[in-house]
């Protein structure tokens with residue numbers, strides 16, 4: 001939930017943010033006149049704190065600060081661990097506003113207060129994706145932004161650290177220009193000034209090269225050097241007046257495989273180093289109690305670690321420069337970071353408490369107005385009289401200098417593996433083994449191979465380009481054998497035009513394999529995405545939807561043509577083991593078609609014609625349809641299970657963390673969320689198409705109406721949806737709630753989605769484009 005006091009229903013009806021509160025500000029003079037906030041986007045806590053293999057710190061300046069000058073700890077983020085919600089938590093003090101989904105998580109659709117808004121002046125430098133959202137909601141004209149272009153955020157750029165160098169250079173130029181600009185110079189010397197440096201290079205290098213890469217680590221070192229230069233320059237500019245506070249933190253971390261968005265510790269543990277005016281010096285201790293073993297790993301056992309929640313940084317900044325706490329903040333002031341009197345700390349905590357109570361009062365008032373009086377029950381521990389009582393006691397304790405008495409008032413993917421292993425034994429259970437030993441053996445082998453994929457990591461596959469290339473070569477080899485087999489068949493089932501189509505598709509596979517290898521070599525050498533490779537990739541994507549329609553509509557030939565076309569695109573979108581997934585899945589689908597024909601013959605429902613004679617265009621002949629049989633329920637269940645396997649086999653699109661930008665590097669490297677998201681969606685859909693086309697083939701070979709089988713599938717889907725409906729949660733973390741809702745929505749969407757897939761499969765299997773001027777025909 002966004003606010004501790006918000007009800008679950010708020011997530012459905014609008015933003016949980018409330019308005020109308022009275023600003024609350026600590027009445028005592030603040031220790032600092034200005035605050036400098038460095039946010040190193042995508043910086044993990046361990047990447048900053050852990051020593052290198054040669055026992056040297058990755059960031060020497062910041063290490064010396066936490067050892068000699070300031071306080072440090074871990075800032076614990078919440079999911080989703082993305083840049084926008086992370087910055088909102090740091091600067092505005094509240095967590096993810098679910099209504100922001102309406103804006104694609106790019107900005108908050110509801111205006112909110114922030115430390116920047118409450119400041120006298122704020123100057124910020126960095127990414128156009130982050131800075132404008134804090135200037136947009138600010139009252140008046142006092143929040144200024146300086147951004148580089150969106151095109152600069154290129155994952156294939158020579159060195160993403162240049163983004164951070166741009167920020168440091170422009171900050172230096174800004175201060176230099178103020179010496180000849182009296183208006184700017186006067187503004188910089190005001191109180192309640194904030195300088196915000198958003199450093200995106202580390203995050204970009206993490207996505208492009210992974211956090212353990214040389215580029216990521218060198219970027220950290222460059223940021224460390226840049227922070228040192230900026231801190232020294234600012235101290236000199238203000239004559240070392242001791243009125244500047246510095247904060248270094250991050251919006252989120254990053255997994256070992258270069259993604260973020262979920263709740264892995266590598267994503268939620270971010271560094272926090274605070275030094276300067278009003279901040280405690282390092283506190284030496286003999287021992288510390290933490291559940292993790294990080295202090296020992298980081299060689300920081302003797303320096304007191306002060307952990308905070310990410311939203312706590314906002315009240316900390318507000319307290320240090322003496323501005324009102326952000327109105328929607330739910331953060332708790334971390335007192336141990338403050339180097340000030342007990343009186344100041346008590347007043348600050350009192351202000352913090354009143355500010356949060358103000359939100360509760362507004363929220364309760366809104367709830368009372370929108371609820372029938374006999375249904376509304378106020379929260380007794382925080383009734384109006386109790387609130388007044390608490391605040392009076394706290395104020396009395398502060399006046400009596402009793403400061404301590406005043407602030408103390410769809411779930412497991414491995415299930416698919418189990419299911420596939422059960423499927424592997426299906427021929428034995430049904431005695432199909434004795435009837436078709438070869439097909440049954442291949443079925444069992446491919447089921448076992450496919451069962452391996454759900455055991456692999458959901459996301460974060462380590463890049464394995466040689467495996468992608470090997471998959472491309474394997475596909476070519478299979479194509480050659482299939483083409484040779486096709487050439488041996490009678491003229492009745494093929495012609496020269498068909499052979500040309502297969503040749504073009506094999507050429508497309510070869511080009512895709514080359515582009516994958518060439519592109520990643522080029523990016524590895526920091527030479528960017530070659531234009532020729534980009535053109536080939538987009539042409540392959542377009543042609544993959546057309547080439548299958550030029551091939552013969554005979555069952556085996558058309559299915560194989562669809563596989564070759566989709567594989568050429570899938571290879572371009574692959575970075576590791578997932579490249580093998582559609583190939584193994586398709587192999588199993590081909591055997592499934594054969595096995596279903598064997599099963600049909602076993603029950604005496606049909607003769608056993610060769611699969612080669614089946615033609616998709618004849619599937620609409622209603623006179624050949626038969627009645628439903630009990631075994632058709634099993635066929636429908638197989639289809640639903642294979643659809644779910646296609647969805648979860650290599651990941652889960654429901655998780656924002658599943659997206660690895662490296663998957664789209666053959667198409668583009670400049671950050672474009674909607675284009676990248678579209679390509680990701682295509683990658684997810686390809687296995688669905690393969691399964692749907694195979695199911696269409698089974699309807700043809702088993703002589704059953706597609707409507708009959710589809711209705712059985714929809715019944716099974718509705719039963720699953722009902723089950724997941726009762727598992728939806730309206731309590732717990734945003735991740736828990738979101739996961740339960742996404743499971744239900746996915747199953748509900750499965751009905752519509754499978755109907756769409758059925759239509760697409762019919763289009764891909766039954767239609768044929770004729771390029772020649774001869775007489776149109778469908779069977780060859």
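Cβ coordinates come from backbone N, Cα and C, glycine included.
Owing to the predicted nature of the structure, the values given are computational and were not obtained by experimental measurement.
According to TrEMBL, the domain 'GPI ethanolamine phosphate transferase 1 C-terminal' annotation covers 407-733.
According to TrEMBL, the transmembrane segment annotation covers 410-429 (among others).
Taking Cβ pairs closer than 8 Å, the transmembrane segment (441-459) reaches residues 255, 257, 259, 262, 413-417, 420-421, 423-427, 577-578, 581, 584-585, 587-588, 591-592, 595, 645, 648-652, 655, 657-658, 660 in its own chain, all 6 or more past its ends. Annotated transmembrane segment per TrEMBL: 441-459 (among others), in sequence order.
Residues or ranges marked as transmembrane segment by TrEMBL: 465-487 (among others).
What TrEMBL records for 529-550 (among others) is transmembrane segment.
With a cut-off of 8 Å between Cβ atoms, the residues of this chain six or more beyond the transmembrane segment (579-595) that come close are 427, 432, 436, 439-440, 442-443, 446-447, 449-450, 453, 467-468, 471-472, 474-475, 478, 555-556, 559, 563, 566-567, 570-571, 611, 638, 642, 645-646, 649-650, 686-687, 690-691, 693-694, 697-698, 701. Among the features that TrEMBL reports, transmembrane segment is placed at 579-595 (among others).
What TrEMBL records for 636-654 (among others) is transmembrane segment.
Look at TrEMBL and you will find 674-697 (among others) tagged as transmembrane segment.
The transmembrane segment feature in TrEMBL is assigned to 709-729 (among others).
Look at TrEMBL and you will find 741-764 (among others) tagged as transmembrane segment.
Below 8 angstroms of C-beta separation, residues 104, 541, 555, 559, 562-563, 566, 569-570, 573-574, 581-582, 585-586, 589-590, 592-593, 614, 616, 619, 639, 642-643, 646-647, 649, 651, 653, 659, 661, 663-664, 667-668, 706, 709, 753-754, 757-758, 760-762, 764-765 of the same chain, each at least six residues beyond the ends of the transmembrane segment (674-697), sit close to that stretch.
The average pLDDT computed for the domain 'GPI ethanolamine phosphate transferase 1 C-terminal' (407-733) is 79. Remote same-chain partners of the transmembrane segment (465-487), defined as residues 6 or more beyond its termini with a Cβ less than 8 Å from a stretch Cβ, comprise 493-494, 498-499, 502-503, 505-506, 509-510, 512-513, 516-517, 520, 557, 560, 564, 567, 571, 574-577, 579-580, 583.
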